[in-house]
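Enquirer: Before I ask anything, here is the structure I am working with.
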Amino acid sequence: MAAGVAGWGVEAEEFEDAPDVEPLEPTLSNIIEQRSLKWIFVGGKGGVGKTTCSCSLAVQLSKGRESVLIISTDPAHNISDAFDQKFSKVPTKVKGYDNLFAMEIDPSLGVAELPDEFFEEDNMLSMGKKMMQEAMSAFPGIDEAMSYAEVMRLVKGMNFSVVVFDTAPTGHTLRLLNFPTIVERGLGRLMQIKNQISPFISQMCNMLGLGDMNADQLASKLEETLPVIRSVSEQFKDPEQTTFICVCIAEFLSLYETERLIQELAKCKIDTHNIIVNQLVFPDPEKPCKMCEARHKIQAKYLDQMEDLYEDFHIVKLPLLPHEVRGADKVNTFSALLLEPYKPPSAQ
């Protein structure tokens, strides 16, 4: 695990007594080959290329898995741009693939914004989505968490071989990983005050023409979701089933965010042992460029620090390209770099 942000300023001589450690393979082959994985999260600071990396990973996984789903939980919903295809809140097949599906959700909108396909007739839909939103608004964070819970229930029911999450920036990502705890805490609070809010719930049900329903019945309905939540929570903390891939660029602020994310993942007991360093500049000796050389020098400094701090991680180095990675064909081409280290012009 990382030594901590403070270690970035340590002079090189302080590492002289440390034994040499053989660097781990600089690819995501370990992820592709670990067939027990069911949940793969890709995240990091905004603007570092998370979506391109997560879509590329999903493409590579689709070549060896029966069915793959990539979910965007980022309100920006860039996977539609990456594949040049419009996706919705329901899993849709990616053009050109028989076993790769994509969907985009915005958990911050809450349960009431999810489509009817997410709700079983005898469960949340029968209570009315608007009432659910009103009831949940009393518990900070639980509406978003319940939205995650319903998505997980849907996804688990479809039995995808593996699910890749293209996550929002760090704060949203940590809420996603903590949603089981938030839901359980919210339900506990609901049980404490159920007698006080029972008239409100009954009134809402009558207004919606749903008949009488008291707080006990609402709590019972919500508790039906708990087995799924607890199952997912256990899987998230199992390194055989879940891992997190950090994406960053070789700059101080991005590395700082990556270190903070890794520390938070450790607190959540979420496995992480892969870092993608994106947008690296590799000067071409045949086409001198002072700015490129200066940029390369700065990036090399942070790369050296990363290799000292994260010696137990697979560090994948990806180049800054002169074009956008947009469309299924370009994503497929770029995805090869996840399995084969990039060779800059000077090394060819």
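Placement of Cβ uses the backbone N, Cα and C atoms for every residue, glycine included.
Fair warning: this is a prediction, and the values are worked out from it, not measured in the lab.
Positions annotated as active site by Swiss-Prot, on the basis of sequence analysis: Asp74. According to Swiss-Prot, the ATP binding site annotation covers Lys45, Gly46, Gly49, Lys50, Thr51, Thr52, Glu251, Asn278, Pro319, Leu321. Per Swiss-Prot, the feature Zn(2+) binding site maps to Cys289, Cys292. Summarising the annotation, Swiss-Prot assigns N-acetylalanine to Ala2.
In the displayed structure, how are the listed features positioned relative to their neighbours?
Expert: Around the Cβ of Asp74 (active site), a 10 Å sphere holds 23 further Cβ atoms from the protein chains shown.
In the shown protein chains, 25 other C-beta atoms lie within 10 A of the C-beta of Thr51 (ATP binding site).
Counting every protein chain shown, 15 other Cβ atoms lie within 10 Å of the Cβ of Cys292 (Zn(2+) binding site).
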Enquirer: Tell me which of the binding-site residues Lys45, Thr51, Cys289, Cys292, Pro319 ends up closest to Asp74 (active site) in space, Cα to Cα.
Expert: Thr51
Enquirer: Indicate the candidate from Gly49, Pro319 with the smallest number of other Cβ atoms within 10 Å of its Cβ, considering only these binding-site residues.
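Expert: Across Gly49, Pro319, these binding-site residues, the one with fewest Cβ atoms within 10 Å is Pro319.
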Enquirer: Please work out the number of neighbouring Cβ atoms within 10 Å of the Cβ of Lys45 (ATP binding site), leaving out its own Cβ.
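Expert: Lys45 (ATP binding site) is surrounded by 21 other Cβ atoms within 10 Å.
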Enquirer: Same-chain residues six or more away whose CB lies under 8 A from the CB of Glu251 (ATP binding site)?
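Expert: Correct list: Ile298, Gln299, Tyr302.
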Enquirer: Where does Cys289 (Zn(2+) binding site) sit in the DSSP three-state scheme?
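Expert: DSSP assigns Cys289 (Zn(2+) binding site) to coil.
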